[in-house]
Amino acid sequence: MAEEAAVRAQADTVRRLKQDNADPDQIAKEVAKLLEMKAQLGEDEGKHKFVLKTPKGTRDYGPKQMAIRERVFNAIISCFKRHGAEVIDTPVFELKETLTGKYGEDSKLIYDLKDQGGELLSLRYDLTVPFARYLAMNKITNMKRYHVAKVYRRDNPAMTRGRYREFYQCDFDIAGQFDPMIPDAECLKIVHEILSDLELGDFLIKVNDRRILDGMFAVCGVPDSKFRTICSSVDKLDKVPWEEVRSEMVGEKGLSPEAADRIGEYVQLHGGLDLIEQLLQDPKLSQNKLAKEGLEDMKLLFEYLTLFGITGKISFDLSLARGLDYYTGVIFEAVLLHQENEHVEEPVSVGSVAGGGRYDGLVGMFDPKGRKVPCVGVSIGIERIFSILEQRLEASEEKIRTTETQVLVASAQKKLLEERLKLISELWDAGIKAEMLYKKNPKLLNQLQYCEETGIPLVAIVGEQELKDGVVKLRIVASREEVNVRRESLVEEIRIRTSQ
């Protein structure tokens, strides 16, 4: 073990020297030393030891976790379908140039792949850019689609908070030229429906508009060239206090302290229609064309959200910035609120669970003629939602079923394997989810115990007397009650008893 620790320490030394751009000769010397130590270790062990772990920022999902996951996916997908979306799929990797320049400061998190036969490829970072590429490539100008798939980010993973390098996104987008704010309001309604349906606790959907942000930056004296970088600083306000964001803007990004203070007056505001009205009267903001357009659309959006009856969970929040470069209009993010105190508007440690916005220019970036297809969409953060549900289930110790088996085909006496096989085949052919134990003569007690352990609700017992009478004994596991059911009525009886 001491030798392995020494090898690890030497590997760290090499890594550090490379990061510090040390003298190449020194690096070569240390690398040679590392290889020699590894060779010695190899001789000692005689054979290579596998490290049994998943790569950093990834995880396995066992049957219990997958059961929770499927429940969540089903709730989300049925909501997308309820709103009339079609489903598509795209490759897990794209041409590198497709993804380059679409994500602002987050571009450094894109996973590049090795050059394969002259194509420079990268793993997809989200599902939005591939969707825009799909629309442009197929000359589609009108579509409502959903897409559930894995995406990849070369991030520093924080697995306890549901941050991974490989994770699922569940996206819903509306592409096409429509009257303002109607599709945008529907996207917010979808987030509200999903978060209510999953019963994750109290949540808040923060809404802002890129045009209001850009207008605000302009009237506060931020130079055009600094809009995006200041935007990504403002985006951190949900995680760090204003003082830290201000010092980043001034110290690292070279913004004047006066401009930073003026931004500070705005980004700490949040409210509803009353705040929108107040800002429409603001002497500086109301003079800015972009901000005025954004505020007027925001007012319209809140009118529609009022008709949907969901404004109680929506907050117009000027600190919401969403760092991605492609947003052009409304942006939104859903956060979960602390459960201890209803009045504390602080997201729980898992952070945001959904986000999205309007991106009217993205498809045009791919179209050879620059034809624009306006789009708005939302992405549900399944991993974070999953983290919460998993923790909650662990705490509640609720038993989770990992199969959907409706009935176990069992026998009470020996030499009835053929009869069990005949009966289970009938049930499978009728679409019933059925199992049996893989033994010629299993004990009845073992068969019943298996049902208790796995949560199978019914047992269909075949015995010599039952075969003579043309019936099957159906046992209800929970109540231990037994009824004789005619063989021809068995399928219907199982369906009725397991339909709840």
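Each residue, glycine too, has its Cβ placed from N, Cα and C.
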What range among 1-22, 23-44, 265-286, 331-352 does TrEMBL record as region 'Disordered'?
1-22
Can you work out the mean pLDDT of the predicted model over the domain 'WHEP-TRS' (1-55)?
81
Using a Cβ-Cβ cut-off of under 8 Å, list the residues of the same chain that are 6+ residues beyond the ends of the region 'Disordered' (1-22) and lie near it.
30-31, 33-34, 37-38, 40-41, 44
Would you mind checking how many other C-beta atoms are within 10 angstroms of the C-beta on Asp126 (L-histidine binding site)?
19
Local Cβ density at Gln169 (L-histidine binding site) - other Cβ atoms counted within 10 Å:
19
Grab the L-histidine binding residues from the record (Asp126, Leu127, Thr128, Arg153, Gln169, Asp173, Arg322, Tyr326, Tyr327) and give me their largest CA-CA distance in Å.
21
Which number gives the other C-beta atoms within 10 angstroms of the C-beta of Thr128 (L-histidine binding site), all protein chains shown included?
26
Helix, strand and coil totals (DSSP H, G, I; E, B; other) for the region 'Disordered' (1-22):
18 helix, 0 strand, 4 coil
